[in-house]
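Participant: Below: one structure in structure tokens.
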Amino acid sequence: MKATFRVLELVILSSALLLQGEVKGSNRSELFKNVINKVDPDIAPFESAVTSTYVTISVNIMSIAEVDEKQQTFSGAYLVTLGWGDSRLSWDPKMYGNISSVQVKAEKLWYPTSVCMFNEIGNDKCFDAKDKQLTVYSYGSVSYTTYLDSVSQCKIDVTKYPFDTQFCGLAMGNSNFGTEFLTFNEEYSSFLLQYLQPNEVWDIKNHTYYVNNVFISALNSTQQQIYFFLQVDRKAFYVVISTLLPVIILSVLNLFCFVVPIESGEKMGFAMAIFLTFAVFLTIINDSMPKSSDVIPYFTIYLVTQLVISGLVVVLEAFVLLVHFHFSTSKEESDTDEKPRLKNKFRVTGVHLDIAFFLFVLLSNIFSFLYFLLNVIR
């Protein structure tokens, strides 16, 4: 008996669900028949300046792919949502089974194909929703969301590398209509970091957006552009540890060339070894340095300066040895009372030269480092 009632309950429940599904399907069909299908996709929802269509743009950056100093480009992944009003696409949800939104193929509706990215260097500069789905809301609003891999133009300034800050982003605008027909709604647009994935090189410090109006006298029309800007700072810790610190250590080792005793015979070998180490090290790190033909980073100037100083140390040490051993090159030289005194005089002079050159190189290292540091942190 209980089994019979259980089967009866299941039959009634299944019938109710099927009936509800048929009602919903009927409501959706009626909605498309009475509202959606009556809209001509070739006719825009504006008639005059009084009924100008307001477009909102929401940009959600998901990741920073690359900042290319040589190509002057910024690559990133974005989730972009365009929204606009269309009073023809409004209905009372109560009349259609409380359906408040529907998905519609873009080809059935009008959408703003003239919204483009002005600083995009790829082929797909404009938002084309062809073969995509639009979301239509009962209060007469339409939205289109798309995933975007963008490579945009950006003026990269590497002067303060590796402590540099870049300002990049997207510049969007309306390529066909003026503000009398299509207007960007700055108040309801947004720039979000909701889905941002951390980048190993760059860190986002600030983000903002604004709308700029430009009057074009030839067209007697006002064009709008909406800018989405990012302030990204380079993470300098790795560069400091892997590049700057070794260079500082080598520059300090250069000073010890003047500390090695002249009679040891290791002064030139020590100076030459450090110079070659500098040259090889700069060759190794060359690939990691930013490539830009417009400006030279202060960091590059500092590295080249240290290489020049290291080469100069080799020359100075050669001069010290030349002075020191000037009168001790031949065993056949007569051993008079005057000659040893003169030789000792030059040996003392060689030590004095070591001290003078030590101070000169020390001051040169300090000055070059302070010059680099003060220029990159100001």
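From the backbone N, Cα and C atoms, a Cβ is placed for every residue, glycine too.
What TrEMBL says about a protein is an automatic prediction, not a curated fact.
Look at TrEMBL and you will find 1-25 tagged as signal peptide. Annotation comment: TrEMBL describes 30-235 as domain 'Neurotransmitter-gated ion-channel ligand-binding'. The annotation transmembrane segment is assigned in TrEMBL to 236-256, 268-286, 298-327, 348-374. Look at TrEMBL and you will find 243-346 tagged as domain 'Neurotransmitter-gated ion-channel transmembrane'.
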Participant: Under a Cβ pair cut-off of under 8 Å, which of the recorded stretches 236-256, 298-327, 348-374 contacts the transmembrane segment (268-286) most often?
Facilitator: 298-327
Participant: Can you give me the average pLDDT across the domain 'Neurotransmitter-gated ion-channel ligand-binding' (30-235), rounded to a whole number?
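Facilitator: For the domain 'Neurotransmitter-gated ion-channel ligand-binding' (30-235), the model's average pLDDT rounds to 88.
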